[in-house]
């Protein structure tokens, strides 16, 4: 059985990473693709778990060798998704989440046309500013850069299949789970999962 590809995008500070983390903790057969990046690790980040940290030269070489499903430059740092890794997980029947920006999302959609695209929005710019400041990961200069680009990022929601407003974490998480569950009940997925059962039902045979 082939897994589904879910692309989740949001402006920085919207709560995407926290939602995905909780979703993974409560959902079976679901994983998140670990991106490659040239940025420096933040406190507490582990190489190979949060990101595959690399340098610019190695990243550029990987681009030239077409190793990335998508890649983009964000605030002076490069980010990319390994195509080989994603395809291997999907072929193993695992649903895969890509946490990437809207540029990368549109790149991936051209290759995986069945990918399910989800955009998460904050309830307001004021809330977004507060969340960016509270998490204490970036300087005020970086926060202002992120806010300046947030409106343009959020305007891309029209290119996505689903939109979630993260005003209440629990409500947003429930809505995110609902999208995953609904996809797993589609005709294509159920035919793959229950092929033998359906065959037996339609042939009037009893499975011993």
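Glycine too: its Cβ is placed from the backbone N, Cα and C atoms.
Here Swiss-Prot flags 3-181 as domain 'Guanylate kinase-like', drawing on sequence analysis. Here Swiss-Prot flags 10, 11, 12, 13, 14, 15, 16, 17 as ATP binding site.
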TODO: Go through 13, 15, the listed binding-site residues, and name the one with the sparsest Cβ surroundings, counting other Cβ atoms within 10 Å.
DONE: 15
Task: Number of other Cβ atoms within 10 Å of the Cβ of residue 11 (ATP binding site) across all protein chains - done: 24
- [ ] Tell me the Cβ contacts of residue 10 (ATP binding site) under 8 Å, same chain only and six or more apart in sequence, or just say none.
- [x] 16, 119, 120, 121, 166
Task: Residues flanking the ATP site, with Cβ no more than 8 Å from the Cβ centroid of 10, 11, 12, 13, 14, 15, 16, 17 and excluding those residues themselves - done: 120, 122, 128, 131, 166
Task: Number of other Cβ atoms within 10 Å of the Cβ of residue 16 (ATP binding site) across all protein chains - done: 21
Open item on the list: Return the average pLDDT for the domain 'Guanylate kinase-like' (3-181) as a whole number.
Closed with: 92
Open item on the list: My understanding is the cutoff is Cβ-Cβ under 8 Å with a sequence separation of 6 or more in the same chain; which residues meet that for residue 17 (ATP binding site)?
Closed with: 99
Open item on the list: According to DSSP, does residue 17 (ATP binding site) sit in a helix, a strand, or coil?
Closed with: helix
Task: Sparsest-packed of the listed binding-site residues (12, 14) - C-beta count within 10 angstroms - done: 12
